[in-house]
Amino acid sequence: MTDAAVPGAIPVPEPKAALTTADGKPLKQALRKANAKARRNALLLVLPLFAFLLITYTIPIIQMMTRSVSNPEVASYLPNTAEAIADWDGTDLPSEEVFAAMATDLKNGGRATIGRVAARLNAELAGIRSTMMGAMRSADEFQAPFKEALLADDDDWGDPRLWKLIQRESRTLTPAYYLRALDYEYNEDGDIVRRPDYLRVYTQTFWQTAWMSALITVLTIVLGYPVAHLLATLPASRANLLMILVLLPFWTSLLVRTSAWIVLLQQEGVVNDVLVLLHVVDEDGRIRMIYNRIGTIVAMTHILLPFMILPLYSVMKTIPPSLTRAARSMGATPLRAHLTVYMPLTVPGLAAGVLLVFILAIGYYITPALVGGESGIFISNLIADRMTGSLAQLRLALALATILLVGVLVLYWLFNKLVGVDRLKFG
Amino acid sequence: MARPAYESPLERAWRITYLVICGLIFFFLVAPIIVIIPLSFNATPYFTFTKEMLSLDPSGYSTRWYDNLINSGEWTRSIQNSFFIATISAIIATTLGTLAALGLSRREMPARAAITAFLISPMIVPLIITAAALFAFYARINLSQTYFAIIMSHVVLGAPFVVITVTAALSGFDNQLIRASQSLGANQTTTFFKVILPLLTPGIVAGALFAFITSLDEVVVVLFLAGPKQVPMTVQMFGSLREEISPTILALATILVCLSILLLSFMEMMRRRTEKMRAGG
């Protein structure tokens, strides 16, 4: 500021000359430069976490998605066959050329590689493994024409279904795991059909997850709304004291709260004891409240309730009480004042609470795993069960997880649109 | 609460009902947590109140489950594992998260909403999905069942909480203080360490505690990533809740409840301190 004008003097701009900084640069350019620098600095501060998440989080998630459609076995372990069979029209049997390619692959492939592809195909069509492993053992003796040679080795090589399967599975991308995740499958002719009723476990669990989450969300509204309202309207000193009763469960470990519900709800537990004491039920009539749906719903409502109360409270606190009073003074009944003036103003908090609780609920794993028994499980529990199984099961788990992820991201996008993630607060 | 004089008997009745309902909901919120505390001193290996306990007979109470917890190598090792993992991952998450929050709160930050959404996404994506993705990822690069994989995963889960709490602390920050400091001759570094950082400390500490607790409490990811050497307390608890339920878990649960009470009081203290500082006290 050394070149500041003399106080009181009005600076007269030179006609037509552009404004410049002290060292003679045009002001506009200098400003642009300074802004670019500030932007760069801001980005540099964000960069470490951004890069960290990209490597240790986004890449694994993308890998998960690609692995859920990957199908490399046939293409990489039977490369000649995969290439030769691509042009086959699917009628009758493939040409000699395809049989020759298969014979070459069987000869070239070791025990481990053929074993792997045979296992992969056997999962789709039983019996294929022994056919392939048998042919692999005698592959060195095969002579042209290979069609006859293979057919002589095992009749199954004459089964068009086998070749159709190989043709289908020679594609490196497969929708098979997604079909399975939605309870569809390929039948023996290669058509997509629904799985038999008793095997339709995934869609049913997806629905169960959705409706139980919805029910839990409704319960948290019913329990959370009055409490949030009370906290928002009480004088600050008393509200702070009661707030502790909401924050204590919020801060308490999930496992601690789940074990508390096991203690309370089990047949020899505290709730049943009290019911027996009060003669509501007799000693033999103790109610089963856990290891079923009731257990999951009660425990999860308890665990997620603070996530409804806190956003509701933060919105309700900003509503001036004078608004309801004004409505009353104009003749509205208390109920009407509440319904038409107060309630609409709480909608943003309610939306935040609903989406938060619902998003958290549909991904829950631990609580349903511990108190859900057979009937109270969520889709997460199936994902977890499949994750440690065979490679095919792992890919199925990844497909299920991807479907769940897409659902959650849609909700998250909605949440961001309605509420804004930057308005999320804790405590 | 002072009530208006025009309150009708019906309104009065409703207000009392309303207070009773709220009382019951508060009871629902807190009772399950409180009830495990006396049960952890049960002399019998059951999860229920015995006659001796109800009549306050000292023979009904015992600290055997606490002894069990302290003297069992498995439990102490898993508690040590948990604290080790939580400390390291909270330190990394706090550093990365605070830097990111400082960047996000700059006025010049481009694409702020999109970047915030990305940085916070691990908090929204269901844990089982994160667990599935990380399990497959670390298994592929042969790093599953290592402390490294677990700590990195916990940084991913803890950092969003730091970003949120520090951003919230920054949003109440009065930028005039920076100008005041600079007009008094402080350079940028001095301003940061003497003016900005002290005012942000409550936010950063809260974020660090969140990251620490997130890691300490986390079950799903470690369930798949931890090998027999790294088993943390939560996995140990999950296992024993599934197999043989023993009151030892209640002893640990009681300790954890005390820990959360401590934490809660600490957070409340920090909040009051910030309020005082903001008010210029």
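Every residue, even glycine, has its Cβ placed from backbone N, Cα and C.
Feature annotation from TrEMBL assigns transmembrane segment to B:16-41 (among others).
Look at TrEMBL and you will find B:79-267 tagged as domain 'ABC transmembrane type-1'.
Taken from TrEMBL, the feature transmembrane segment applies to B:83-104 (among others).
Same-chain residues lying 6+ beyond the ends of the transmembrane segment (B:116-141) with a Cβ under 8 Å from its Cβ atoms: 100, 104, 149, 153, 156-157, 159-161, 163-164, 167, 218, 220-221, 223-225. Under the heading transmembrane segment, TrEMBL lists B:116-141 (among others).
The transmembrane segment annotation in TrEMBL covers B:147-171 (among others).
The transmembrane segment annotation in TrEMBL covers B:192-225 (among others).
Residues or ranges marked as transmembrane segment in TrEMBL: B:245-267 (among others).
Contact counts against the transmembrane segment (B:16-41), taken as Cβ pairs under 8 Å, peak for B:245-267 among the stretches B:83-104, B:192-225, B:245-267.
Long-range contacts of the transmembrane segment (B:83-104) within the same chain: residues 112, 115-116, 119, 147, 150-152, 154-155, 158-163, 166-167, 170, 200, 204, 207-209, 211-213, 215-216, 222, 230, 232, each at least 6 residues beyond the stretch ends and with a Cβ under 8 Å from a Cβ of the stretch.
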